[in-house]
Structures are given as structure tokens and as C-alpha cells.
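These features come from Swiss-Prot:
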{"type": "TRANSMEM", "residues": "1-21", "note": "transmembrane segment"}
{"type": "DOMAIN", "residues": "1-179", "note": "domain 'CNNM transmembrane'"}
{"type": "TRANSMEM", "residues": "58-78", "note": "transmembrane segment"}
{"type": "TRANSMEM", "residues": "87-107", "note": "transmembrane segment"}
{"type": "TRANSMEM", "residues": "121-141", "note": "transmembrane segment"}
{"type": "DOMAIN", "residues": "198-259", "note": "domain 'CBS 1'"}
{"type": "DOMAIN", "residues": "263-320", "note": "domain 'CBS 2'"}
Amino acid sequence: MLEIVAAIFIVLLGSGICSCAEAALFSVPLVKVRQLSQSNNPSAIALQAIRHRMNRPIGTIVVLNNIFNIVGSITIGALATKHLQDAWMGVFSGILTLLIIVFGEIIPKTLGERYATNIALLIAIPVRFLTLIFTPLVWLIEQITNPFTHGKRVPSTNEAEIKFLATLGYKEGVIEGDEEQMIQRVFQLNDLMAVDLMTPRVIITYLLGELTLAECQQDIIQSQHTRILIVDEYIDEVLGIALKQDLLTALIQGEGYKTIAELARPAQFVPEGMRADKLLKQFQEKREHLMVVIDEYGGVAGVITLEDVVEVLTGEIVDETDKNIDLQEIARKKRQALLKQRGVAP
């Protein structure tokens, strides 16, 4: 009878370890594995190697688990036949099945999931060693299963999961509310385009390049913008962009006879379909704060500032000189009114 108890114990122990190891390896976050591997801990490095190619280590664990369950059940059945009467064999088989399910599967997998990181680090090196031993058998299984499992690799995470984790982290107190909002807004950068963020042409402040500083003095002083668009005869004929500070400095120095165009700097142009994340990179590379947005026909659709793009991340930025909190919204309303006057449905 002692032989049966010992055999059952060995089967449950082996099956439990395999189930626990499998659950731990699947449950430990990939980001956590990469973070741990940076410490040059041998177990962490082994764990990263396992997660990089999971099919063989998991195949090894599954093979071992089945060896314990199948061979163990056969051995236990043979021993039970010697010591138990036929009438008790059905009851014994039911009890053995229940023990394997509870102590060989459910409890070990629950523990493996709950303490995934610690268990995964503990078993990483032994699993790699066992994988080498069982390589021929696992390779054979791979060749049989490849036609059914071959396909595009599924990404380890996606945008929706990261957003959800940010929200979950905020609710659990791991990150602050403003940090959660910032993470959520980052993903808007590749969803929004220049046309969504720009100040449309109907509300753009601009000056004619042919006029002198003296002629535009009042307009320059009253302008609320630090950068002013300079055009030729029409708004689509952009000559450049002038800094209000440069214009005022020239006026103070008695250079009112100069034309606005003389003080204009070259303008940078971007298509209205450019994504916000690309725009941000453009602003960084060009070291500009204002760019002209052009439509598909090459006409001026509006202007966009670095602040417009940054506000996607931070929310509305309003300083002491701002008279209108949302120029884009005002511009949209004006554009709809103009279209209505012309009999065109907005």
C-alpha cells in the first residue's frame, strides 16, 4: 500500500511542478522579463531566452507533464491491481483523477500565476537545461504541429492594452491621474492630422509684404501673435513669417521705411494630412514654432504652431495674452457661417 501512496505523491509532485512552471512562464509580463534581464542575473537572462522562443520550453514542460500523468497512472494502476479488489478500482480511479485535477493542475497553475515572476526566475535555468535534453523529441513534435501553428506572430501588446493598463494603474494608485491622461493623449498623436489642429485660413492674421513697417505699425502693435504670416497680394502667396519682436525692434530703430517682406523669414510648409506625431518631429528638426499648412491643391489651408501639437499631450494652454481660448473652434464656426451665406451646406 505504501508503494501506491509513494507513486501517487511522485505523480502529483511532478505534474504540479510542470503545471506551475507552465503557468508562471505564460503569466510573467514580457516587459518585466526585459527589465530583469538588464541586471545580468543568470536566471533573468535564461528567462528572457525562454520568453524569446517559448515553443520549445513549453513543449518540454508539456511532454514532461504527460510523462508523469500517463506513465504514473499506468504504474499506479498496476500497483492498485495488486493491492485492491476489483470492486474498489472504480472508486480508486475517481479519487486519483480528482487528486490529479486539484493538486496536479488547478492549485499549481493558480500558484504559478499568482507568483509568476519569482517562480519563473526559479525554474528558468532548469527548464533551459531540460529543453536541451528533450530537444530531439520536441523538434519532432514541432515538425508535426508546424503546419497548424505556422503564421504571423501576434504582437505581445497593442495600443488598447497599454491604454487599459494606464487606466488600471491610475485606479490602483500606481500612477497619478495626470500621468494616466498623458499616456492616453500620446496615442492621439497618430490619430490626429494637421487639418484637425491648425488654425484655418479664415481666422489667420497676416500682413501684406509690400507694405512698410510704418503703414502696418498699428496692426503690428495690436497683434496678439508673436509670429505673423507675411503674404504677397493673396493669402495663398506666402512670402514668409515675421517675428513681431523683429518688426517692433525695426520700428523703434527708425526703420519704418522698410517693407514687411524684408524682415520675413522663410516659411516651412506641411501638408494638411500630416499626422501630429510627424508634425512634432518636424518642429523639432526644423526648430520652428509655426508652419503653414497647405491643402491638396497647394493653397494655404491654415497655420499650425508647436503649441497646437503640444496641447494634444497637455490639454489647452492659455496664457495671459490669449483672448480666445479655442481659435480652432471659433474658426470652424466662422467657416460654417460663410458657407451658409454662400448657400453651401457645411
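Each Cβ is built from the backbone N, Cα and C atoms, and glycine gets one as well.
On the 0 to 100 pLDDT scale, the model's mean across the domain 'CBS 2' (263-320) is 86. Among residues of the same chain six or more beyond the transmembrane segment (58-78), those with a C-beta under 8 A of the stretch's C-beta atoms are 4, 7-8, 10-11, 14-15, 18-19, 21-22, 25-26, 93, 96, 100, 104, 127, 130-131, 134, 137-138, 141-142. Sequence-distant residue pairs (6 or more apart) of the transmembrane segment (87-107) and the transmembrane segment (121-141) include fewer than 3 whose Cβ atoms are under 8 Å, leaving the two stretches without contact. Remote same-chain residues near the transmembrane segment (121-141) are listed as 21, 24-25, 36, 41-44, 46-47, 49-50, 56-57, 59-61, 63-64 (criterion: CB distance under 8 Å, separation of at least six residues from the stretch ends). With DSSP states grouped into helix (H, G, I), strand (E, B) and coil, the domain 'CBS 2' (263-320) comes out at 21 helix, 16 strand, 21 coil. Helix, strand and coil counts under DSSP for the domain 'CBS 1' (198-259) come to 18 helix, 18 strand, 26 coil.
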